[in-house]
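Worksheet: one structure, shown below.
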Amino acid sequence: MKIFTTKQIAAIDQFTIQQEPIASIDLMERAALQIANWLIHHLSNERKIIFFAGPGNNGGDALAVARIMAEHDFICEVFLVDFGKPLQAEPAENWHRLKEQGKVKLGRIESQESIPAVPDDAVVVDGLFGSGLSRKLDGLPLQIAAALNASRALVVAIDIPSGLFGEDNSNNDLGAVIQADYTLTLQFPKLSFFFPEHEALLGRWEVLPIGLHPSVISETETPFHFLTAEEISDKIPVRKKFSHKGTYGHALLIAGSYGKVGAALLASKACLRSGVGLLTAHIPHSAYQIIQTAVPEAMCSIDASDLMFTEFSDLQQFSAVGAGPGLGVKPNTRKALLRLLEASPAKLVLDADALNILAMHPEWLPLLPENSILTPHPKEFERLVGPSGDSYSGLQSQLAFSQKYKVIVVLKGAHTRITSPDGRVFFNTTGNPGMATAGSGDVLTGIVLGLLAQDFEPLDAARVAVYAHGLAGDLATVQCDELSLIASDIIENLGEAFFQIRK
Ligand SMILES: NC(=O)C1=CN([C@@H]2O[C@H](COP(=O)(O)OP(=O)(O)OC[C@H]3O[C@@H](n4cnc5c(N)ncnc54)[C@H](O)[C@@H]3O)[C@@H](O)[C@H]2O)[C@H](O)CC1
Ligand SMILES: [K+]
């Protein structure tokens, strides 16, 4: 699904008004009805709701929501922030409607002294600023945000917490932004919702559809997307009756070293659970019995070294190669990785120590075959590209890296993000904090490898693998607390995850 910038959303909004057609006041009412509906279903009408309305359409939404909630017998109070200019257009109309209705106590905030005290058991609806925010909060809005952040009331933000920008917050002061418990965003999540440092500002966020025009949504181009099952389900092939294991590719996994054989084991199992026809695990000699016993479905290619990866044989027979989990970074392993890069496998996924080695030898980066998939966690990514400050800047570096080296980068995290050399970005929507556990990344590498070997386009392999990996982790928490989740549970649930994506 597409993620648009707030500027694009405003344009889609205008197009909807003209093309549907719908009066802008009615579109605002549609948004307000969705928000009110959510509040009615989630709140008891014994809790007072205090609305803070700003000068623009975000404030207009808040005024309309207050009127609707009052119709449903909620006790509402509205504070309009006075910027010394009269309200215009739809916000002015909604102020008028609210006064006409006469059910809501109305107040104005003109100075710091008139900021009301907010009781702990109240609900605050934040309608100060939405997507029209033009600069970071200062003056009166900053003081209101500070007062709300100091209170213990439940805060529900309309569209976006006031003070947060939809995209680039690299120059923002996040301490000044209203901290919402819930953010009810209209029609599209904003880019900044996918960045970890905004989690505490957004609380839990939900997207409320307001019926913006589908044709303009499909025609508006954006590099930013988030992953949904609908968009990837057709990438998972239906297995043909007369197929055989040769139809589904032969993967080579280069993983494990003395003391880190588990990484090879987990990646192998995950690879096999992802539909690959054949898997050869290249492992140090000492790992032979372990892998053969624990993963009898895998064939083994045994390194001359007892301890680590130092060599590999002909790559001809393999449809994809994966390297990295548990390899270590010893000099002989580094040399072997260099030879692997020089052999230029057609389809390659690199993880963990393979990435750490690349960080030690950035001069090898140009050797990466086009469309190789790199799956760093944030620390590995930082070792590769250097520190990048906030997430928005980090996204720019990730994109630049993908474009410079023509590789797909899967940066693992709460919303794992995939960047492609063509400039597109995909944020994942599955997964949970229980997956922040040893071996979880090895499982992902195995899945990517299994899909690549089956002839998935590399970007599709990355997208499907990331989504399925997260979904399997979510399914694992149905019966098991997040705290107890281990990487093997993700593998156990992969079958059900693929089943659900295919549906
Ligand atoms: N998504 C949709 O299609 C719909 C969204 N709706 C709501 O509209 C807002 C966006 O409204 P807009 O009027 O463009 O902007 P704001 O309400 O965020 O505020 C603009 C207002 O505030 C002034 N301003 C901006 N920044 C500051 C600042 N830092 N300090 C002081 N004043 C500031 C600016 O000059 C303007 O006067 C969207 O978020 C939704 O909530 C529609 O209601 C339905 C369709
Ligand atoms: K808001």
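Every residue, even glycine, has its Cβ placed from backbone N, Cα and C.
Keep in mind it's a predicted model, so treat the numbers as computed, not measured.
The annotation (6S)-NADPHX binding site is assigned in TrEMBL to 57-61, 130-136, Asp159, Ala263, Gly326, His377, Asp442. DSSP gives His377 ((6S)-NADPHX binding site) a coil state; it is part of no helix or strand.
If you look up TrEMBL, you'll see Asn58, Asp126, Ser162 marked as K(+) binding site. DSSP assigns Ser162 (K(+) binding site) to coil in the three-state reduction, outside any helix or strand.
Here TrEMBL flags Lys412, Gly413, Ala414, His415, Thr416, Gly441 as AMP binding site. Using a 10 Å Cβ-Cβ cutoff, Lys412 (AMP binding site) registers 22 neighbours. In the three-state DSSP scheme, Lys412 (AMP binding site) falls into the coil class.
According to TrEMBL, the domain 'YjeF N-terminal' annotation covers 9-218.
Summarising the annotation, TrEMBL assigns domain 'YjeF C-terminal' to 228-501.
The binding-site residues examined here are Asn57, Asn58, Ser134, Ser162; by Cβ neighbour count within 10 Å, the least packed of them is Ser134.
Of the candidate binding-site residues, Gly413, His415, Gly441, the one lying closest to Ser131 ((6S)-NADPHX binding site) when CA atoms are compared is His415. Farthest C-alpha pair in the AMP-binding residues Lys412, Gly413, Ala414, His415, Thr416, Gly441: 14 Å apart. Ser131 ((6S)-NADPHX binding site) falls within neither a helix nor a strand when secondary structure is assigned with DSSP, and so counts as coil. Neighbouring residues of the recorded K(+) site, listed in sequence order and excluding Asn58, Asp126, Ser162, comprise Phe52, Gly54, Gly59, Ala62, Gly127, Leu128, Phe129, Gly130, Ala157, Ile158, Asp159, Ile160, Pro161, Gly163, Ile178 (Cβ within 8 Å of the Cβ centroid).
Rounded to a whole value, the Cα-Cα separation of Asp159 ((6S)-NADPHX binding site) and Asn58 (K(+) binding site) is 8 Å.
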